[in-house]
Amino acid sequence: MINPDNNDLYDLNEALKVENLTINDYEEICKRLKRKPNRTELGMFGVMWSEHCCYRNSKPLLSNFPTKGKNILVGPGENAGVIDVGNNQKLVFKIESHNHPSAIEPFQGAATGVGGILRDIFTMGARPIAVLNSLRFGNLDKTSNMDLLRGVVSGIAHYGNCVGVPTVGGEIDFDDSYSGNPLVNVMALGLLETNEIVCSGAKNVGSPVLYVGNTTGRDGVGGASFASSELTITSLDDRPAVQVGDPFIEKSLIEACLDAFKTGDVIAAQDMGAAGLTCSSAEMAANGNLGISIDLDLVPSREDNMSSYQYLLSESQERMLFVVKEEKINNLIEKFNKWGLYANVIGEVIETNEVIISHKRKIVAQIPTSALSDDTPVNLHNVMKNPPNYLLKKWKWNENNLPEINEQKIFSLKENKSFSYSEIILKLLANPSIASKRWIYKQYDSQVQANTVFKPGESDAAVIRLREQNEKNKSKVFSGVAASVDCNSRWVSLDPFRGTIAAVAESARNVSCVGAEPVAITNNLNFSSPETEIGYWQLSSSCNAISEACKALETPVTGGNVSLYNESKNRDNEITPINPTPVIGMVGKIDNVEKAISTEWKNINDQIWLIGSHKSETTIAASSYLEYFHGEITGRPPKIDLQDEKFCQSFLRNAILNNFVVSSHDISDGGLAIALAECCILSAKGATIELEKDLNRDDNVLFSEGGSRIIFSIDKMKEKEWSNYLKKIQINSQSNVYVKKIGYVSSEILKIKIQDKNICDISVEELTEKFNNSISGYF
């Protein structure tokens, strides 16, 4: 037992405030320990009982996710999910957030976000093969938002480029709700290199516990608690809670760990991420149903006179904790030292289910593992039965609220003047949320490792060739994986359930658009405080939607991250919550990457087709057009029929597999007109399009948004075969689904007619100039 005389004297109220604990939490801690905690133990409980580590507000909602499927090898509970992608290959993947650190130290916050998610991947025995990111910032007309964007992109680029993992795709959106609280979500993928998946549960009493990697300092102390609280005007004072990363040590750590794992001498592995040594030791012990004892005097440190509290709560980067075979310890230490890494035995696995910490020859913490990991508190909340009144009011909006169309011009409620359709298309293309993200992704090395099939921006999803390090594939037919991150935050803010359904559907659609079969998801739930009625209702509605959509599309959840309290408070204590942003990271598999297709048109006179669903709604309510042209964020997002969504995606994949489709692009932000323009821009080719008239308004035809819609082009040399194929599969007998030709690829001009009426006539050069120079124009 811990000696009561070792308990620190501390101000309880102040300590609880620092650790973000309540007096009820403290009483529960005393009950679990059967005594009062000392200051070090209170800090350990503070980080382990934070939302960031134990999901105390979201755990009941997450339990409803579908987590099993034919390709799922490892689901939630380990460092990352694992799926079978065929040919005896296993893909490891996960998404994590680093929102609060990036708000106050954008470069290091984003850089260490990349480092942390990479460690989750290679801790499982996988070589990281790709990184994607999902970013949110306030509008770029504010210098502070420009600075945050510049810092975050630089941090992601620096760490990913230096460590040698390609950044292959992502998404970014701008909205004032993120001005005080940007979102930085990073997804990583890895290909398993070990014979067995490396898990985190400690085994074999008496086995040594090995610390590997960088030294421990005071950086990042309390980072998990910091990430579980709102940002205020004084949050800049929390800069010490932001970690400092070294990608070159991370690179050595990747190679050394994979080398060590292949020996079979590592029994269990856990990276030291959030809550550092506290979390890694507690989770290893709990997952193995054993205990761990650690002597802090043996931990390599970079600073003098560190307290036990600082050792245990430090989130210094590039550190790992292993349980290893005792007879192999010297061989392993030699391997790690060869890579310039510290490798010290700092403890052992013990039989009792406790985490016991010693420092300066005294026991400074002794806590049951269940209290830190398995049996953590759950905050139960009542869920609102009905949507809030402010949303019910917005849902009543319809297109009759807009000005009438007069002589092919539309009056903008935002700018108080009329514009032609061509002018509107150009204005939408220049909006930073729709415009090219080239200024961002050109800073990333997307080609390192030489397995990236399409460069960022060229396809709806990233496609990675799966190639072992020692390639023995003589046929040169490589399978691959596709990945996409998606979320329309505007839709989720207007209807959390429908908006999240759409996020899952769009991520699967993007993967299908390159010819890959969607397999599984990881998710990053970015929300505001769950302690408000509306905040928890948004979170609950979104989780219900993920469950429903993933079941319908047969894409189970393998894990992810919950980031709550994403809101900012100004000097007047006014709280601004972010738009709820449940980012979906979808992965899919493709048997032959040579069959993967990109977005741009391929040949002049190729036919352009549209597939969609009559049951999946399309509307200009909640659309980009309504926000960016009319200045209104209102209306109810369209409902998506998930069975039709699944059918449309399957139809497209089969058409790609049968070598008919040569390009495809999903219709999302900005509607059909923007999707067509993007295909023209990427190919430097035009399109001649003729569309059916809408009963009410032509802007509905051009700019409405909804699910289940994809444009694709058919090889001009296969028109007859394509026609026979459609007859054979009787596509139009599917009463809810339509497949129709809408035009053909032409040169230099995007021409759109609606019912024989010329709507727009824009040169590809003009489209490209607006699209490519928007974001870069701010810097």
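Cβ from N, Cα, C; glycine included.
Residues or ranges marked as active site in Swiss-Prot: His52. Residues annotated as ATP binding site in Swiss-Prot, with sequence analysis given as evidence: Tyr55, Lys94, Asn523, Gly560. Annotation source Swiss-Prot lists Mg(2+) 1 binding site at Glu96, Asn561. The annotation substrate binding site is assigned in Swiss-Prot to Ser97, His98, Asn99, His100, Arg119, Gln243, Glu315, Ser316, Gln317, Ser563 on the grounds of sequence analysis. Under the heading active site, proton acceptor, Swiss-Prot lists His98, citing sequence analysis as support. Taken from Swiss-Prot, the feature Mg(2+) 2 binding site covers Asp120, Asp271, and the record attributes it to sequence analysis.
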Cα proximity to Asp271 (Mg(2+) 2 binding site), best match among recorded positions Lys94, His98, Asn99: Lys94
For the binding-site residues Glu96, Asp120, Asp271, Glu315, the one whose C-beta sees the most other C-beta atoms within 10 angstroms: Glu315
Recorded positions clustered about Asn561 (Mg(2+) 1 binding site) [Cα within 10 Å; pool: His52, Tyr55, Lys94, Ser97, Asp120, Asn523]: His52, Tyr55, Lys94, Ser97, Asn523
Euclidean distance between Cα atoms of Lys94 (ATP binding site) and the residue listed as 'active site', Å: 16
Neighbour count (Cβ, 10 Å) for the residue listed as 'active site, proton acceptor': 31
Three-state secondary structure, the residue listed as 'active site, proton acceptor' (per DSSP): coil
Which of Lys94, Arg119, all binding-site residues, has a Cβ with the fewest other Cβ atoms inside 10 Å: Lys94
